[in-house]
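The feature Mg(2+) binding site is assigned by Swiss-Prot to D366, D372, E375, E376. Annotated domain 'B5' per Swiss-Prot: 300-388, in sequence order. Residues annotated as domain 'FDX-ACB' in Swiss-Prot, with sequence analysis given as evidence: 612-705.
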Amino acid sequence: MQISLKWIKELIDIENVDLDDLIEKLTLGGFEVEEILELEINNEKQIALEISSTANRSDSLSIQGISVEIASLFNKQPKVCKYFNSSLNWQQKIKNLTTIRTSKTECLMFTAVILEGLEDLTVPKWIQNKLVSSGIMPLNNLVDFQNYILLETGYPFAFYDLDKVYSKVRTPTFSLSIEKAENGSEFFASNQINYKLDNSIFLVQANNIPISIAGIIENDEIICHSKTSSLLIEGSIFSASKIRQQSRKLAIRTDRSARYEKSLKSTYLIEALYRLISLLRISNPSLVYKFHSSNKVLEKVLKPIVLNYKTIVEILGPIKKRTNEHLIYISPETVTDYLKRLNFKFLFDSSTLNWEVTIPSIRSDDITREIDLIEEVGRLHGFNNFLTMLPQIKSVGRADFSYQTRKKITSYLLNMGLTELIHYSLVSNETFLKNEIKLVNPLLSDCSTLRVSLLPSLLMTIQENLKQGNSILEGFEYGHVFSGNIETTLTEIEYVGGIFGGTKIKSSWFEKGQSLKWFEAKGKIEKLFQQLNLGIHWRINSQTYTKKFLHPYRSAEIFLSSGKNIGVFGQLHPLLANKLGLSSEIYLFELNLELIQQSLQQNKLTIYSQYSVYPKIVKDLSFIIKKNIKFDELEKIIYANGTEFLSQINLLDDYKGEFIPEKHTSLCLQLTFQSNKKTLENKEIDRIVKNLKRVLELKVQAILRE
């Protein structure tokens, strides 16, 4: 909004106020000065300011409104315009008018006035000058009066040619109403465009003849022209949301609709109407006005807001600091003065230091809570006049269990050499997985579905990194994955996924690089769960969604000791690796973070065992068994028969090849024996191993190898 300082000075005495001081006060008060304009009007130099206000301060979008704000900031008394007092006797007249039919929620006030005896439509020169100083080119017709009132008071008025209205209704009298348009009806507007309407659009009608789309634009057949001698003036307050909805639907925005969209109050509508008629009477002293009809919906009674001095001090802080570290805060007397400046009615309780403040209706949209009143006090005092101090922390926050779990996992993965990555939860439908959770109205085709796994995004990142000529990237990610139906049973679970391997590792410069093997990669995942103190076991992968990107024979599901499936681990499928141009010796994992957290919370008691000071005895055990026998089963049998001295079992080798029968495999196990009470003897351990061999022969038909 462009405002002329000369016009402002007519309403407030700011002759002695420095321009820089004015700009600083306005900016700190929430009205940013975007540009300073130097104008020359009738050989007189003037200064204008381009000001923007926040969305909730629609009351300041006029010369009168911004003048009241400047008066509050500089503790000046604004001049009361004569027409404010002169229009008071209109209030009773309007109450006795014909009530029009209208929507209580969409039209908050409606007043119509008839003017007759318009002979001279010339616009006074001083009005034209003020329009120019506000960035509006005068047209020297009725539109200038509309624009001037909009600038001065903030209220938009609609003008209709009364003679044309009479010719349309074909009766000497007519009634006004606000009705919904009929579906399929048409409206030819003053901008020469024909609009097709439906029943969501409201129309202002005279005897059921549409004369305007409510709050937006007039009917082309009843607009004013240079020979208009009588007027029907509409002054109304419409719901901001309704006007916004209609404007968007019809793809039309006018000065009227733009003003309604920012919300208006009916507080000074009658005064603005009186001012408009007074301006028209300057060139038409014999002008006759008659009230036609009116309707006002009673506004809600606003409850007082209690403002507490202690809260003001806590929020805004001190204004000064003495040398003895004593802090000085804004005084209750100063707060009272600021409330008076803002024209807020209040009752002050000196015993409790509370103000019971009644907000004027024109500020009811932006001041609804105590914190809003505190902001007003801060604005008038100047936020830059408060000391910048950090608040005292009463209690130190604790890291919750979720954070602690993440920290443990992240620490291990970072130590593995992995980098934390972040991807969008919205992905393209063209991934390795069939994403059936589609968005109804996606912004981009690449972000049209919700991801059902973290792994496709990780693979695409590795591929893109290699395309840029970089080395293989090993990384992990925390993120939510989705399942179910987006309309009914959509579930969202947090997972941690990762990708590693694919590079040749050298122990020294002259040796040939070695790729990460399956058991080494699997061992890294087992080590993670050892760090978390969680027992797991492995099962053959039966997850259908992983078959497209995990190796059919080198992938497995991970289960907790409780039997809950918490994720999957495997090597990249060779076909997909070839398609993406990646190494097939890349490994992926995806773990249910929520289940891991639940399991860790259940492990509340940590049991520590004494470290043995006695030596260990290690024995190797080799045998051939059928392929379908799981290692878990063997482990249970050996631990059950290895006595209390058996402390650890390690799988050293799994061999399939020459001299091994079909559908069989050769295993080599390393058994570690140790006692907490004595030094074990070899003959003692030999008896245990001999018994283990016998048990394995009986239970799993193991063929022992010497």
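Every residue gets a Cβ built from N, Cα and C, even glycine.
Note that the structure is predicted; figures quoted are calculated from it, not measured.
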Count the other Cβ atoms sitting within 10 Å of the Cβ of D372 (Mg(2+) binding site), across every protein chain shown.
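Result for D372 (Mg(2+) binding site): 15 other Cβ atoms within 10 Å.
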Which residues does E375 (Mg(2+) binding site) neighbour through Cβ under 8 Å, counting only same-chain ones at least six apart?
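In sequence order there is nothing to list, since no residue at least 6 apart has its Cβ under 8 Å from E375 (Mg(2+) binding site).
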Near the Cβ of D366 (Mg(2+) binding site), how many other Cβ atoms are there if near means within 10 Å?
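Summing over all protein chains shown, D366 (Mg(2+) binding site) has 19 other Cβ atoms within 10 Å.
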Identify all same-chain residues not among D366, D372, E375, E376 whose C-beta atom falls within 8 angstroms of the centroid of the Mg(2+) site's C-beta atoms; report them in sequence order.
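Along the chain, the qualifying residues are I367, I371, L373, I374, R379.
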Including all protein chains displayed, how many Cβ atoms other than that of E376 (Mg(2+) binding site) lie within 10 Å of its Cβ?
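Neighbour count, Cβ to Cβ under the 10 Å cut-off: 23.
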Check the DSSP secondary structure of D366 (Mg(2+) binding site), expressed as helix, strand or coil.
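Where D366 (Mg(2+) binding site) sits, the three-state DSSP reduction gives coil.
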Which numbers of helix, strand and coil residues does DSSP report for the domain 'FDX-ACB' (612-705)?
30 helix, 33 strand, 31 coil
If you run through the domain 'B5' (300-388) with DSSP, how many residues end up as helix, strand and coil?
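Residue counts in helix, strand and coil order: 36 helix, 18 strand, 35 coil.
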